[in-house]
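Read through the structure below, which is laid out as structure tokens, and then see the notes.
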Amino acid sequence: MKLPIYLDYAATCPVDERVVKKMMEFLSIDGNFGNPASRSHKFGWQAEEAVDVARNHIADLIGADSREIVFTSGATEADNLALKGVMRFYQTKGKHLITCKTEHKAILDTCRQLEREGFEVTYLDPKSDGLIDLEELKSVIRDDTVLVSIMHANNEIGVVQDIAKIGEICRERKVLFHTDATQSVGKLPINLSELKVDLLSMSSHKLYGPKGIGALYVCRKPRVRLEAIIHGGGHERGMRSGTLPVHQIVGMGEAYRIAKEEMATEMPRLTALRDRLYNGLKDIEETYVNGSMEQRLGNNLNISFNYVEGESLMMALRDIAVSSGSACTSASLEPSYVLRALGLNDELAHSSIRFTVGRYTTEEEIDYSIGLVKSAVKKLRDLSPLWDMFKEGIDLNSIEWTHH
């Protein structure tokens with residue numbers, strides 16, 4: 001077993017060796033290095049064919065048509081293109097957008113930008129289990145609502161929203177529906193030929209592909225229109241200009257092909273590892289799982305260890321790579337906005353750790369991690385006067401703390 005143990009697969013994944021091998025064929029003079037937009041010679045044709053094959057692999061995984069896949073630099077750009085592209089294109093129809101407070105920053109910050117441009121955004125509060133209230137969603141849709149954007153699976157707590165029902169509601173009310181499926185693609189079955197989803201964002205590096213490449217699914221029937229946010233040679237049917245990075249696209253395609261092949265066996269294995277971890281940690285006193293355990297990604301466990309500071313716990317767990325909050329915001333010491341939105345107090349939100357298992361995680365690593373977490377939590381609580389007071393039965397909420 002190699003230390004440190006990587007349990008932060010929701011932040012990124014190593015690139016699968018099979019993907020690396022495939023990508024290497026599209027880089028050097030000995031390989032297929034052409035520009036897919038070069039229509040006048042073999043180098044361009046071969047590159048274009050490789051892009052087509054990859055586009056088909058990606059479409060196959062999510063039950064889409066390959067013509068509905070638009071390559072971007074990642075899921076963040078796909079989210080930006082979906083929200084800004086749609087809201088700007090349809091602004092004569094209306095200027096109202098609905099999302100949820102627990103969305104990824106790529107959605108929330110884009111919404112803030114749209115608000116600065118004069119659009120109006122409604123932010124739904126999730127229930128305490130992380131799921132949105134579908135009746136509340138119905139009640140906030142207005143005549144001038146253009147788009148609803150609700151993520152499929154949450155990056156911090158792994159909670160899975162019912163995108164089939166949300167899609168039905170949106171289609172019935174003639175509102176477009178975008179979902180950020182960065183965390184769920186390749187882990188949950190997604191069939192866009194059946195789901196009423198108009199736009200879907202995805203990433204490559206959360207599925208053992210390279211970083212720097214992602215895609216936006218844009219539905220053709222009924223046709224969704226959007227305004228480009230990057231202009232230039234009119235690539236990707238005018239929706240996203242820029243020379244296609246063939247090696248990255250091929251890498252993403254191969255990663256998605258492998259995921260489709262292995263999903264049926266890999267997901268039960270990951271769920272078993274996650275449950276093994278949970279069963280090893282749940283007996284620690286004052287630990288709480290954040291988010292629904294039923295509607296959840298099989299590889300995600302987000303736990304708060306009361307009376308332990310999350311940052312100190314992460315430092316004490318030097319041999320395990322985990323995170324508190326999402327990688328995109330873990331640089332700040334603010335408690336997770338996702339957990340605060342679920343109604344957790346600052347203390348519990350601050351004491352949360354996200355464990356996410358993946359393709360290279362073993363049972364041995366899980367068992368080692370359980371032992372490490374148990375001893376670290378015990379050690380930190382032994383140092384904590386708050387833990388002593390709690391054990392003495394003092395209600396910490398009733399104490400008036402004063403500044404001296």
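Any Cβ shown, glycine's included, is placed from N, Cα and C.
Swiss-Prot annotations:
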- Cys328: active site, cysteine persulfide intermediate (ACT_SITE)
- Ala75, Thr76, Asn155, Gln183, Ser203, Ser204, His205, Thr243: pyridoxal 5'-phosphate binding site (BINDING)
- Cys328: [2Fe-2S] cluster binding site (BINDING)
- Lys206: N6-(pyridoxal phosphate)lysine (MOD_RES)
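What Swiss-Prot annotates, mapped onto the structure for a quick look.
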residue : record                              : DSSP class
Ala75   : pyridoxal 5'-phosphate binding site : helix
Asn155  : pyridoxal 5'-phosphate binding site : coil
Gln183  : pyridoxal 5'-phosphate binding site : coil
Ser203  : pyridoxal 5'-phosphate binding site : strand
Thr243  : pyridoxal 5'-phosphate binding site : coil
### Task
Measuring CB to CB from Gln183 (pyridoxal 5'-phosphate binding site), give everything in the same chain under 8 Å that is also at least six residues away in sequence.
Ala10, Met151, His152, Ala153, Asn154, Asn155, Gly158, Lys206, Leu297, Asn300
### Diameter of the pyridoxal 5'-phosphate binding set by C-alpha atoms, the set being Ala75, Thr76, Asn155, Gln183, Ser203, Ser204, His205, Thr243, in angstrom
30
### For Thr243 (pyridoxal 5'-phosphate binding site): intrachain residues, at least 6 apart, with Cβ closer than 8 Å
Asn35, Ala37, Gly233, His235
### Task
Please determine which of the recorded positions listed here (His205, Lys206) has the lowest count of neighbouring CB atoms within 10 Å.
His205
#### Entry: Sparsest-packed among the binding-site residues, when each Cβ's other Cβ atoms within 10 Å are tallied, from Thr76, Asn155
Thr76
### Message
Between Ser203, Ser204, which of the binding-site residues has its C-beta surrounded by the fewest other C-beta atoms within 10 Å?
### Response
Ser203
